[in-house]
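These features come from Swiss-Prot:
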- 7-27: transmembrane segment (TRANSMEM)
- 57-77: transmembrane segment (TRANSMEM)
- E61: site 'Reversibly protonated during proton transport' (SITE)
Amino acid sequence: MSFMSEAFKYLAASIAAGLAALAAALGNGKVISKTLEGMARQPESADNLRATMFIGVGLIEAVPILAIVVAFLILFL
């Protein structure tokens, strides 16, 4: 392979992983802030909100994990 195609592979992998991490960080921040807002408004529903928040954060975190898998596929295939 040429030098440029190898360089573009590394660039594409880093952009994919970086943007996914940025989007997940923003999404997690939004979910957690809104959950804390809801807990402050209705403290009696804190347990339900916390459980729902953990499920949401887990689903959001699945996106960067998949992006890292795609980045590795770009690099090694």
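Every residue number used here counts from 1 along the chain in the order it is shown.
Placement of Cβ uses the backbone N, Cα and C atoms for every residue, glycine included.
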Long-range Cβ neighbours of the transmembrane segment (7-27) (under 8 Å; 6 or more residues past either end): 60-61, 63-64, 66-68, 70-72, 74-75
Sequence-remote partners of the transmembrane segment (57-77) [C-beta within less than 8 Å, at least six residues beyond its ends]: 9-10, 12-14, 16-17, 19-21, 23-24, 27-28, 31-32
Tertiary neighbours of E61 (site 'Reversibly protonated during proton transport') (same chain, Cβ under 8 Å, six or more apart): A24, N28
